[in-house]
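Trainee: Let me begin by handing over the structure; questions about it come next.
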Amino acid sequence: MFSPSFLCHIQVGLLLNGFILKFYIGQAQQQASSSLMVYLKNLTAADFLLCLSLPLRIANYGSKSFIIQRLYCSCGTSAFYMNIYASIIFMCYIAANRYRKIVHPSGTHVLQSVRAAHIISMVTWVFLLAPSLTYSILFFITEKPLTFTPSRCEPLFSASISLLFKIVHTLCSIIFLLVFISLVFFYYSTSRRVLQAQQRRLASSEKLVKSRRNMLVLVSIFCVCFVPYHLVRLPGTFLWNSCSVGPVLYYLKEVAIMVSVFNICLDPVVYLFFCKTFWAQVRKMSRRVDDPNEQTNEPGE
């Protein structure tokens, strides 16, 4: 049921994110980086790695092999969720970066430097990788022996893995909630700043309107992809063995995961709106017959 959709996500996601990675590689030697570009590159990496983690999920859907399920439940799920939350966190970093530039345009905070962005990104990956590796190793060490192949991963969990699973997903839900609140705050503050500029008839009001639009794009993609999943994820973690609601929550969770994976297809829109150079490259490729001296109308800041 879900395999064709995930297969489509892989194809589109690899195509779009592969093109973006190629763009980044081509631009690496041509221009100085910025903190925003650092976060955009890490978001691209998270999306690309998420694409690579999907084939194991598809194989698990279509196979009754116990070996495939063990690989999926140990390594596949940890890699999948690590990159999902990497996308969530880096979207928050991008929004915070733009918020700081819009609300405090005159000053440059130390956290907006390229060096700080690299350090923050590295710490983020370590923070996400540590529980993922712990889960995978602990799964193989404490795996429950079964005489049948279950349809889901939870029956394979030992008591320690089950506890770790609940703790990790509770923390992930808290991360999502904090990011969601932050994005709403950033968009509200940006909108208020735009309104103040328009009331004062400032020359920068048009640029601020574009900034608000860009922030709205980011918040909209975040809400479409990740809000449905988190509405069912936490209840599903604690009520999966309930005879009455467990099966319903399982299928709701799978549908919500399918929606969240759509993030790998929508994130390229973020690059179009937040990176002028990338937008210009797309325009150049799609309109090669245009006059090279013609000015490109960019949506970025």
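In case you wondered, yes, glycine gets a Cβ from its N, Cα and C as well.
Okay, so TrEMBL annotates it like this:
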DOMAIN    16-271  domain 'G-protein coupled receptors family 1 profile'
TRANSMEM  78-96  transmembrane segment
TRANSMEM  117-141  transmembrane segment
TRANSMEM  161-188  transmembrane segment
TRANSMEM  215-232  transmembrane segment
TRANSMEM  255-279  transmembrane segment
Trainee: Residues of the same chain, at least six outside the transmembrane segment (215-232), with any C-beta under 8 angstroms of its C-beta?
Mentor: 84, 88, 91, 94-95, 98-99, 173, 176-177, 179-180, 183-184, 186-187, 190, 249, 252-253, 255-257, 259-260, 262-263, 266-267, 269-270, 273-274
Trainee: Quick one: find which recorded stretch in 78-96, 117-141, 161-188 has the most Cβ pairs under 8 Å with the transmembrane segment (255-279).
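Mentor: If we count Cβ pairs closer than 8 Å to the transmembrane segment (255-279), 78-96 scores highest.
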Trainee: Grab the same-chain neighbours of the transmembrane segment (161-188) for me: Cβ-Cβ under 8 Å, and only residues 6 or more beyond its ends, written as numbers and ranges.
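Mentor: That would be 81, 85, 88-89, 91-92, 95-96, 98-99, 131, 134-135, 138-139, 142-143, 154, 212, 215-216, 218-219, 222-223, 226-227, 230, 233-234, 237-238.
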Trainee: For the domain 'G-protein coupled receptors family 1 profile' (16-271), what is the mean per-residue pLDDT, to the nearest integer?
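Mentor: Within the domain 'G-protein coupled receptors family 1 profile' (16-271), the model's average pLDDT equals 84.
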